[in-house]
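Engineer: Quick one: this structure, given as structure tokens, is what I'll be asking you about.
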Amino acid sequence: MSEQNRLLLIGGDGVGAEVVHEAGRIAQWFAARRGLPLSIGQAAFGVEVLNRTGRIMTDDTLAQIRAADAVLFGAIGGPEYDRLPLEQVREEGLLRIRRELGLYANLRPVRYWPALAELCPFVPERVEKVDMMIVRELAGGIYYASPRGIDQTGDGRRVGTNTQRYDDLEIRRIARVAFELARARGGRVCSVDKSNVLESGLLWREEVQACRDAEYPDVELEHILVDNCALQLCLRPARFDVLLADNLFGDILSDAAGAVAGSLGMLPSASFGAEDGGRRRGFYEPVHGSAPDIAGQGIANPLGAILSLALALRWTFRQPAEADLLERAVERALAGGARTLDLLAGAAAPALSTRAMADAVLQALETLAA
């Protein structure tokens, strides 16, 4: 890596600040012990900033985000947001960041952790080979399209409206991400839609198929209706390699698939836009939310954030060997019995604090790197 590899840490709300802090310690280990020339910065975001400035995100933070190669983000959310206009949350929160960075692809790897078998609701034989990548379209669909809003009719009734809309270029753009990933993995893509009742779903199916036929004939493509996909994720999750879905379906299915990991605290994610001069700038975050009920207690699971750092090492900083090392260290820490409260499954062993869990990963890194 060059000297210009800039990692920006943004804790955000609730437990986000705690888990990102620990992931930052891991990043510092790679800089100090592995010689990775990382420039690590921090920026404020969320309720802390809101209380000081009346805004969720300042212009300075947005400028730092634009300048970073990779952003490791914690969480946004909490009761304070309930009193804010929805438009302010859209314009100053994650949707603004996604728009500013041109993020359109959200990747969520889902795998089975043998050390957490007791937490997984599936029998091991059904999930032990699960290693899937969920590719979610992030910039379009029902979360963004217009018209939208809550209106009142002439007879006094209230009506809520949202619009599901995709064009061919948006669909092919995200399809290429899935097909490229499949080429480097098992060579299989399963595309999710609701083409039997939605015109947007029919276009999705047609364009994904056309993209595959024209550009990726070597990749196996299957189409599946979203309701059947939800069922198959419960019955045969190991059948999926790369799962491609639109914004809404991808949002829902990725959380459902996360049950394989045993805890939302184990799930990382990455979001990308177009490559910039051969570099893939990324926005990385654990899937779990801000968890205000446990914020400030030092008991949150930092592994989702730490595994998100591994994704940054792999995809933005192009250090796959270092990413593999970090993922093996997480696996080793878990195999050695390291558990935060969400990973105990009723066991008698004491729960580790957020910091102690990160310490267990650091110890595993030292052992594996020796």
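All residue numbers here begin at 1 and follow the chain in the order shown.
Note: Cβ is positioned from N, Cα and C throughout, glycine not excepted.
Features from Swiss-Prot:
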- Arg98, Arg108, Arg136, Asp227: substrate binding site (BINDING)
- Asp227, Asp251, Asp255: Mg(2+) binding site (BINDING)
- Gly289, Ser290, Ala291, Pro292, Asp293, Ile294, Ala295, Gly296, Gln297, Gly298, Ile299, Ala300, Asn301: NAD(+) binding site (BINDING)
- Tyr143: site 'Important for catalysis' (SITE)
- Lys194: site 'Important for catalysis' (SITE)
Engineer: In sequence order, what residues of the same chain, 6+ apart, have a Cβ less than 8 Å from the Cβ of Asp255 (Mg(2+) binding site)?
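Structural biologist: Expected: Leu264, Val287.
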Engineer: Measuring Cα to Cα across Arg98, Arg108, Arg136, Asp227, which the record gives as the substrate binders, how far apart are the two most distant ones in Å?
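Structural biologist: Roughly 28 Å, rounded to the nearest whole number.
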Engineer: By the DSSP assignment reduced to helix, strand and coil, which category contains Arg136 (substrate binding site)?
Structural biologist: strand
Engineer: What's the CA-CA gap between Gln297 (NAD(+) binding site) and Arg136 (substrate binding site) in angstrom, rounded?
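Structural biologist: Approximately 33 Å lies between the Cα of Gln297 (NAD(+) binding site) and that of Arg136 (substrate binding site).
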Engineer: Between Ile299 (NAD(+) binding site) and Arg108 (substrate binding site), how many Å separate their Cα atoms?
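Structural biologist: One finds 24 Å between the Cα atoms of these residues.
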Engineer: In angstrom units, rounded to an integer, how far apart are the Cα atoms of Asp293 (NAD(+) binding site) and Lys194 (site 'Important for catalysis')?
Structural biologist: 36
Engineer: Between C-alpha atoms, which of these binding-site residues comes nearest to Asp251 (Mg(2+) binding site): Arg98, Arg108, Arg136, Asp227?
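Structural biologist: Closest by Cα distance to Asp251 (Mg(2+) binding site) among the binding-site residues Arg98, Arg108, Arg136, Asp227: Arg136.
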Engineer: Measure the Cβ-based neighbour count of Arg108 (substrate binding site), defined as the other Cβ atoms within 10 Å of its Cβ.
Structural biologist: 24
Engineer: Specify the count of other C-beta atoms within 10 Å of the C-beta of Asp293 (NAD(+) binding site).
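Structural biologist: Taking all protein chains shown, Asp293 (NAD(+) binding site) has 8 Cβ neighbours within 10 Å.
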Engineer: Let me spell it out: for each of the binding-site residues (Ala291, Ala295, Ile299), count the other Cβ atoms within 10 Å of that residue's Cβ, using every protein chain shown. Which one has the most?
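Structural biologist: The residue with the densest Cβ neighbourhood is Ala291.
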Engineer: If you count Cβ atoms within 10 Å of each one, which of the binding-site residues Arg98, Arg136 comes out on top?
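Structural biologist: That would be Arg136, with the highest Cβ count within 10 Å.
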Engineer: Using DSSP and collapsing to three states, where does Arg108 (substrate binding site) fall: helix, strand or coil?
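Structural biologist: Where Arg108 (substrate binding site) sits, the three-state DSSP reduction gives strand.
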Engineer: About how far apart, in whole Å, are the alpha carbons (Cα) of Ala295 (NAD(+) binding site) and Asp227 (substrate binding site)?
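Structural biologist: Cα-Cα distance, Ala295 (NAD(+) binding site) to Asp227 (substrate binding site): 35 Å.
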